[in-house]
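Here's the structure we're looking at; comments come further down.
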Amino acid sequence: MEGLMNKLRHLDAYPKVNEDFYSRTLSGGFITLVSSVVMLLLFFSEIRLYLHPVVETKLVVDSSRGETLRINFDVTFPAIACSILSLDAIDISGEQHLDVKHDIVKDRLDVNGNVIEVRPDGVGSRKMEKPLQRQGGRLEHNETYCGSCYGAESIDGECCNSCEEVRDAYRKKGWAMSNLDLIEQCKREGFFQKIKDEEGEGCNIYGSLEVKKVAGNFHFAPGKSFDQSNIHVHDLQAFRKNRFNLSHTINRLAFGDHFPGVVNPLDGVQWMQKQPIGMYQYFIKVVPTMYKDENGHTIQSNQFSVTEHFKGAERGLLDNLVGVFFIYDLSPIKVTFAEGHVSFLHFLTNVCAIVGGVFAVSGIIDSCIYHGQKAMEKKMEIGKFN
């Protein structure tokens, strides 16, 4: 039994030195104090990392199909009235959403940016108190009214009972309305008076769009939009203006829901128009993103990058499409973020590495200082004898 104990004693990798042979120095005490502080700092840093979730990032091919893209926006136009500002969305598949009003809110702004009126119904003239007869005047009791569409009827007997319906009928035909003074419904509804009353006002338009998850664009532009020979144009003749100030501030623009760490590069961006007319374009690359928290909850959203370009008009206002365009395309690569915690064994390994590493490095430093001092003392002693 005693022989076995002796063999185990010879295997000891940590031989002990009698305390009588220890030599404690001032430099050793200072190094011990510094290394202890470093150990504590690294230890608490490792505890913080262990207690808080870490986010792992992966890139995968986006294989989703048939999904929709939600666009949340909040844009302020300080020099365009709400009555003439419209929102359109067009995608590469040919689907069009013209003069979007659903889930859109417009705030009329004065010259100082203060809200005058909130319009949850979006673009459009106010309705008449009573409908007009075709020959003029007001209807009473239960009379039936059918207003003229002024040649833009799609079927015989179609009625246009408001200025908005007449303009829509013209838009469907691909016609521009050159003179609204001749439209009885527009005169009775005070269309031009409304535009005149809002002269010099601004508009804050905000809300959301639900579009197909394909490349496309959405844009803010003055006037009603329509297709003319398969070309998207806006009817600007009715406003009798030769320029529109498209200066704007993007308060918020996001493609999808918010998730931790997301950065929307256009939030707070402001642009001031210097040329008389033109088209301001934002070219956006949308990157599908999935965020999964530590509880397993998943958020399907998007990130995006953007470049900007202004295209000045070479000819007159009527020969150019003016507006603020957001042209987006989708990346085939999807980014996934997954929250997780460091395992306890990994934490324990890091703590051991911290303690052992700091102890070893401080021991090397102390040894170098100690032997350096001894060498200097020895040289000084030799110098004295010489």
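The backbone N, Cα and C atoms fix where each Cβ goes, and this holds for glycine too.
What TrEMBL says about this one:
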{"type": "DOMAIN", "residues": "8-97", "note": "domain 'Endoplasmic reticulum vesicle transporter N-terminal'"}
{"type": "TRANSMEM", "residues": "21-44", "note": "transmembrane segment"}
{"type": "DOMAIN", "residues": "149-366", "note": "domain 'Endoplasmic reticulum vesicle transporter C-terminal'"}
{"type": "TRANSMEM", "residues": "344-370", "note": "transmembrane segment"}
Tally of residues which DSSP labels helix, strand or coil - the domain 'Endoplasmic reticulum vesicle transporter N-terminal' (8-97): 32 helix, 27 strand, 31 coil
Per-residue pLDDT averaged over the domain 'Endoplasmic reticulum vesicle transporter N-terminal' (8-97), given as an integer: 84
